[in-house]
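Following: one structure in structure tokens, then a few remarks.
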Amino acid sequence: VLTFAECSHGLRRQKRDWVIPPIHWPENDQGPFPKKLVQIKSNKDKETKVYYSITGQGADTPPVGVFTIERETGWLEVTKPLNRKQIDKYVLFFHAISANGQPVEDPMEIIITATDQNDNRPVFTQSVFRSTVLEGAEPGTPVLQVVAMDTDGTVSSSNGVVVYSILRQTPDQPQPHMFAINGSTGVISVAVAGLVAQAVPEYTLEIQAVNPEGSRLRATATAHIKVQASSMSGTAKGSLTTHVLNTATGLPAAGLAIHLAQLQEPGQWTEVVQRWTNEDGRCQPLLAAGEARAGTYKLRFETAAYWQGLGHTSFYPFVEVVFTITDPARKLHIPLLISPYSYTTYRGS
């Protein structure tokens, strides 16, 4: 039961006596309706007969009639299911009057929030992810990152939380758990030593993203990971290479994630590969010799995560370099110079 604050008299402006916490009600409730939410009472009801009414969106303004109040008892009721994707918050004002129509209380504001129902399954940003890893890579070496989105997420809800896992590895040689995935970030890394290109040139992983709350809705995607022979691993070889330098320290930027995508149609980019820079600020070739095709490409450097790992805040969350390959036989090198406040590139080749 909520009780009205003491009424202020005259025109003198007064500070509100209290702030009523929002009422939370789940969206898509199945009824039966009407359903009681909360009872509003005036402390003047012992002195005189009090009648209650409500105004605001969902009461007397569109959508009209979503909320009603029992005139004599003060019970607030909801008359139909709420849909937070249409309206996530209602602001109502409660009024109390005497039998002769005179206010006995100041109007009281109450906010009704439609809480999220976990009714959307996660969606991967792409159905197939691709990357390469150097044979003999040590455990803990990052390979690629998968990303799934869940539109159920809100500031006050955990419905949008996604947890990643690896369901299956094909082939399961030399053992079935050659790779591990961070359940929170989706970063796949080498789990154990033993990657040999001649023995297993490529692995296929079935990845799952699941919302751990409620109905545990889930989605799956595929990750193809090529194992690159050490004889082809030189970071200076390949059709497309890069180098990242931290100008704040004058040192190479190690551990920075890089994504290469190709433009298929206007506005439609398809990711080709992911890489992480090594201690020299370089990575395996983004396009190996012979892999380049004529077209438009985009390199995305995830600078925000890199600077955050160093305890800095960046002015920009990422850097994108868009370029066109007209001669696939020509080697292309794209260097990047970064600081927390600026970035630049230049014609490397």
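Including glycine, each Cβ sits where the backbone N, Cα and C put it.
Look at Arg282 (substrate binding site): DSSP puts it in a strand. The annotation substrate binding site is assigned in TrEMBL to His243, Arg282, Tyr346.
Positions annotated as domain 'Cadherin' by TrEMBL: 42-124 (among others).
The domain 'Cadherin' feature in TrEMBL is assigned to 125-227 (among others). Averaged across the domain 'Cadherin' (125-227), the predicted model reaches a pLDDT of 85.
Of all the binding-site residues listed here (His243, Tyr346), it is Tyr346 whose C-beta has the fewest other C-beta atoms within 10 angstroms.
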